[in-house]
Each structure stands twice: as C-alpha cells, then as structure tokens.
Amino acid sequence: MTKLKDWPNQERPREKLLQKGTAALSDAELLAIFLRTGCRGVDVVTLSKQLLSQFGSLHALFAASESDFCEKKGLGQAKYVQLQAVLEMSSRYLQEPLSKGNALTSAAQTKAFLIAKMHNLPYEVFAAILLDTQHRIIRFHEFFFGSIDCATVHPRIIAQKVLSENAAAIILVHNHPSGDPSASEADKMITQKIVSALQLIDVRVLDHLVVGHKKCTSFAENGWI
C-alpha cells in the first residue's frame, strides 16, 4: 500500500489545501487533515473514506454520540474531544458578529449562524432573534422545544418576551431534525398566527427561517411573510 508521504505533493490533503483552498478538497480530504494520521495498514485518507461510509456523511459523524464515535477504528476519546472543540469554536465564530448590540446587515451571515447553531439538534426548537428599532440584536431566545405545531407554539408567550425586551422586530426560526428545511403548512399557519399577534403591538416579523441540514428556507424570500 502506498503511504501518504509517498503521494505527489499536489494530491496530499494539506498541500492541496494550501495550493487550491479548502473548497477544492473532498469531505474525506478535510476529515483526513483533522485526523492527521491513519491506523495500522490504512493511510489517513482511506481511513477517512471508510469513516464517512460507516457514518453516512460528515453531518452524521459530527452529530454522533461519544460512544458511537469512539467505537470506530481510528477514532477515540481524544479525537471526540478535539472535534467538539472545533465545532464549538466554529459556532462561536459565526455567533460573534450576531452578539448583542450588533446590527443585522447580512441575510447570509444570519443564515450561516442559525444553521451552525441548530442543524445538529436531535429535537425541534422554536426560537427568535429579537431586534431593536435599528435592527440591532437584543438577544437570541429559545421559546419552545419538542414537536412544534400550533398547539405548542403560543403567540402570547412570544409577545410577552418581545414586550419585556422592548423589541421592535423579530426573526423567527425553528429547525427540522430530519434535515429537510421545507416549510410545512403547519409552519405557515403558526407564522401567520404570530405575525397577526405581533401586529397588535406594532412589532414586525421580518422573516421565519426553517433550518435543515446545511441550508434553510426563508419565508421572506418565498413571499410567505
């Protein structure tokens, strides 16, 4: 078996990244850089391909429990801890521009933050970004958990929080653990109920984002709000 050190420079993941950028690398090559080394008889790129095949995707590998992660050949508790640290740093990096007092100036940045924050959750969460009159962030607040439907989402509770924080506008968001960001009819009904309730206190709902795996659906962009 050819060892990784014997590969041409342009085919080694680290050298390829430096020459062509991160977008040029496959999932297996990116994972290989994270793992750094393979195991007996298996180079790190081959090991990465095997792990992706076993888990099904990078998303599934990242979301794996400690026990499921550590039982795989070539992994272990040290790698699990390292991965969790990387994921948390990524989340904080995306969240930093969306901290209290900063204005929302980019829809893409907002989506990236919400996807990073919510796409791995194994249960549904209904939340909102509360904004002041200049669309500066007051806070991100999680309202409801579990199966999200008209019976569990109460516009009155959202209105109370909005009033207590003196918010002028909000962006609604909830996740679909299935990974499918498509908005259901129930999602649209809930949104309309909240929009109607907040109109009574002169608070605008700027958007409702449905977060799936690596992407989200915007009610505003689809003309549903």
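These residue numbers are counts, starting from 1, taken along the chain as shown.
The backbone N, Cα and C atoms fix where each Cβ goes, and this holds for glycine too.
In Swiss-Prot this protein carries:
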BINDING   HIS174, HIS176, ASP187  Zn(2+) binding site
DOMAIN    103-225  domain 'MPN'
MOTIF     174-187  motif 'JAMM motif'
Beyond the flanks of the motif 'JAMM motif' (174-187) by at least 6 residues, Cβ under 8 Å: 59, 118-119, 121-127, 148-150, 208, 210-213, 215-217, 219, 222, 224
HIS174 (Zn(2+) binding site) CB neighbourhood, other CB atoms within 10 A: 25
DSSP helix/strand/coil residue counts for the domain 'MPN' (103-225): 37 helix, 36 strand, 50 coil
ASP187 (Zn(2+) binding site): tally of other CB atoms within 10 A of its CB: 23
Listed in sequence order, residues with CB under 8 A of HIS176 (Zn(2+) binding site) and six or more positions away: GLU124, SER182, VAL210, VAL211, GLY212
